[in-house]
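Input: a single structure, listed below in structure tokens.
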Amino acid sequence: WIMGHMVNAIAQIDEFVNLGGNSIETDVSFDDSANPEYTYHGVPCDCGRTCTKWEYFNEFLKGLRKATTPGDSKYHEKLVLVVFDLKTSSLYDNQASDAGKKLAKSLLQNYWNNGNNGGRAYIVLSIPNLAHYKLITGFKETLTSEGHPELMDKVGYDFSGNDEIGDVAKTYKKAGVTGHVWQSDGITNCLLRGLDRVRKAVANRDSSNGYINKVYYWTVDKRATTRGALDAGVDGIMTNYPDVIADVLNESAYKAKFRIASYDDNPWETFKN
């Protein structure tokens, strides 16, 4: 999965997919009442990027729905996965469940079209703080009470705080999550980060009793870093330059081993060689 980073304006969906992305990451900020409000990152952000592009969250979802609904004039067949980077650090810990409930309602209405031919992309809820795991339970409860538990088949999870792998595993137990797990590792492109924790995550993914299904590394803009991540065995790379990742995947060393995921590739299944 080539994951376009910080896609917060509707116009950027086309831009990042046309550069080679089959996945996008979108920032979601919340108001004081835990309503998802804007797709907005703010300052500071990655080097070389504009930090302040934004939409109202529900409007972004409508644009995203068009981009992922077959037959729509804006449809992109290859856009198959969306990571919502949930900026919950503005919330109190006890608001996490409410944030999940309100997020589910927004997605149900504006993205899934109340279960009636909505957008088809798989969704990853990426949470920066282990203490906010009740966002997941609130989200699940709401889709169930609104009569659409089947949409949980399209939803996965990520804790993005670079926490100890063992602590993340314990948190998923508390949240009642037993699958659909992506594990991120990374840092802003302005700084360097080694691959030690990525390798630990990959080892967990490939062990018989691990909790991780997929591992992604962020934010990767350079060819050398891309090669390092691929050599470590990641499933996804988040980038400001999807074309750079696509180029490296075309190199003879990687062409035979990796391909770009399509809609038929289940993002919740651990890939077995």
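Every residue gets a Cβ built from N, Cα and C, even glycine.
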According to Swiss-Prot, E25, D27 bind Mg(2+); which of D72, D85, D93, D98 is also listed for that site?
-> D85
Based on what Swiss-Prot records, which one of C45, C190 is disulphide-bonded to C51?
-> C45
Setting E25, D27, D85 aside, what same-chain residues sit with their Cβ within 8 Å of the center of the Cβ atoms that define the Mg(2+) site, listed in sequence order?
-> H5, M6, V7, N8, T26, V28, H41, V83, F84, L86, K87, S126
Those residues of the chain, 6+ apart, with a Cβ under 8 Å from that of C47 (disulfide bond) | T188, N189, C190
Here the recorded positions are H5, D27, D85, and the Cα closest to that of N250 (N-linked glycosylation site) is found at H5
Local Cβ density at N250 (N-linked glycosylation site) - other Cβ atoms counted within 10 Å | 10
